[in-house]
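Presented below is the structure to which this report refers.
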Amino acid sequence: MRSRTVQGTVAIAATASLALAACGGAGGPQSGGSSKLTDDKVVIGLLNDQSGVYKDLSGPNSKVAIQMAIDDYKAKYGDKAVAKDIEIVTADHQNKADIANSKAQEMYDRQKADIILDVPNSAAALAVATQAKNKKKLYINIGAGTTALTGASCNKYTFHWAYNTAVLARGTAGTITKEGGTSWNIVYPDYAFGQDMNKSFSAEVTKNGGSVGQSIASPFPSDNFATFITKAGEGSPKVVGSMHAGGDLINFVKQFNQSSLKGKVQLAVGLMFITDIHSLGVDQFAGTQFTDAWYWNFDAQNKKWADRFKEKTNTRPSFAHAANYSAAMNYLEAVQEAGTDDADTIVGKLEGKKINDVFLRNGEIRKADHAVIHDVYLAKVKSSAPEEWDYEDIEKTIPAAEAYGEANPACSMS
Amino acid sequence: MSEFIQYTLQGLAAGGFYALSALGLAVIFGVLGVVNFSHGACYMLGAVISAVLLGELHVGFWVALVVVPILMFGFGVLMERLLVRWLLALDPLYNFLLTFGLTLILVEAVKQRYGVSGLPYEVPAGLTGQVSIGSVNLSTYAIFACLFSVVVCVAVGLLLTKTRIGMIVRASTEAPERTRALGINVGRWVTPVFGFGIALAGLAGVLAAPTRAITAEMGSNFIIILFAVVVIGGLGSILGAVVAGFLVGLVEAYGIAYAPTYAQIVIFVLMALVVLVRPSGLFGREEVA
């Protein structure tokens, strides 16, 4: 009798563990409500991953970055500041589109947010874009990579500040192929982001005269990449591209470094953040080339800002932290200029604006698709770190126009 | 052909590791009847402790291989004494829920302390590089991890079947009343067995550290595969866990090689087939009480 119950328990255990991996908590939609923002208060909503894989990349420290922007704005305008009372509200979307959707509604309607910032994870990012459009409130995305934000899903109130998958492909695949890495095999995680990255990278390799022998989809998430790496080495390519992110990327690179491909085949990484290098150790990634939207130790201006950030957080900023600062600062500048926090007026002030600040170099808020284009960088991981977090050599600055290309024709800016 | 051999060897290498990882789950289940959902979290703790030992105290892999299982044994003893013990008499579902809750606490605690991006760990000196025979090659570390796992599995199997301690442990769980009547303190054996199972999870974590991402979530996906391994092998059967570990490793490697997108699904298809044909798993005992 006991063993019968026990078997039932194991069945429940197995099912529950599957269910746990497949889905998580879900938040129901909040009720809508009217909102008027005629008060003096400006409310900035920070909606991102505060507990999962993007926590270190952006997470709670982005609030610190936004607070730095608020402090700088107040210091700059003093008594003349239009926005005297500025509040930050934060929420954790747990990388789930449904939670992002309901949290965005709550921020816009109940917490009276005038703008939502960050929102990593493409599915969550697109859900919030729809909310911004419906509520006619501002939204500046920073953390997500999907080109749909400035393509098919673009809208008047949504801006995309830091990077996108097409930029990563042009920067990394374009440069490596031009430099002689002409034959590629690509391994990508089998979900929207990975499929998107695989397409962008393959297109860019082909466009620059290279060829992609195999594109191999791996289940997400995966722990064991040994056989994927063996397959990726078949046909003796010059470059193996990993389109993974987070834990998958670390698993892939660790196991790649232990494989026979190490030293014979160049490893290119589609999406890498400084937090990934920090967690795996600089020597494991040594020599890997990737595209970075911003690097804290690139020049004196960045370093100075990074030093301020470090005083408050005891860590170095990722590009997402700097971009959150930049987006918040430029939003507040626009409020100052317009004398109001009315969303339509602010959009008018932002569109077409040319910006040079700590994050954006040769930046421009492109009117046609609301991509915030700016110079990006081809980085190479150092073989050893002179100090903690000093992991990248910037090999090349990729000019904004080259990195972002033409405005996305799929965007109709409805 | 050489590719097929390559895939087979990679499957076996992964399989050995799966066998060791599932072993603790099988021991605790076989002896105590507890479905320890926190096994994945204990595996994660093993890896995280190794990384912390290396990063903060400069204690290397070989020492960690000894120290971490001892620490995890202590953790397992505490867990059994303070928590699991009180629910043993109840429906097994209670301990399953308890260990499930414990998993959430452990994962969140590690996230709070060490973040989510993961911790660095090096392949120990002497185990770097590959071993090549013709066009077939395997990473030296994978071979070591597999052989080490097999040795541990065999040792545990012998301990439980061939020694007096093993005999007492098995008797204590299969016929506690009669064993008690023979003058053996049954309750005394429950705690060390539980601790031993947790120590095995920690040991698997140490072995994983050089080759896998060390993050708070590393056990969350892994536990699913381990449940598949113990279900295929037969609940509580140590031989079953070992055979099923290799089987799952092979099936996964062939899946990746010939149908990459379905690499993980094939494991669960295999599990479903085994359960359909032999509900108690390959080596499980049919409905013994």
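Including glycine, each Cβ sits where the backbone N, Cα and C put it.
Quick look at what TrEMBL annotates:
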TRANSMEM  B:12-39  transmembrane segment
TRANSMEM  B:59-79  transmembrane segment
TRANSMEM  B:86-107  transmembrane segment
TRANSMEM  B:141-160  transmembrane segment
TRANSMEM  B:189-210  transmembrane segment
TRANSMEM  B:222-248  transmembrane segment
TRANSMEM  B:255-277  transmembrane segment
Leading stretch by Cβ pairs under 8 Å, where the reference is the transmembrane segment (B:12-39) and the options are B:59-79, B:86-107, B:189-210, B:222-248, B:255-277: B:222-248
Remote residues contacting the transmembrane segment (B:255-277) - C-beta distance under 8 A, at least 6 residues beyond either end: 3, 7, 225, 228, 231-232, 247-248
Contact between the transmembrane segment (B:141-160) and the transmembrane segment (B:86-107) (at least 3 Cβ pairs under 8 Å, separation 6+): no
Long-range Cβ neighbours of the transmembrane segment (B:86-107) (under 8 Å; 6 or more residues past either end): 32-42, 44-45, 79, 190, 216-217, 219-220
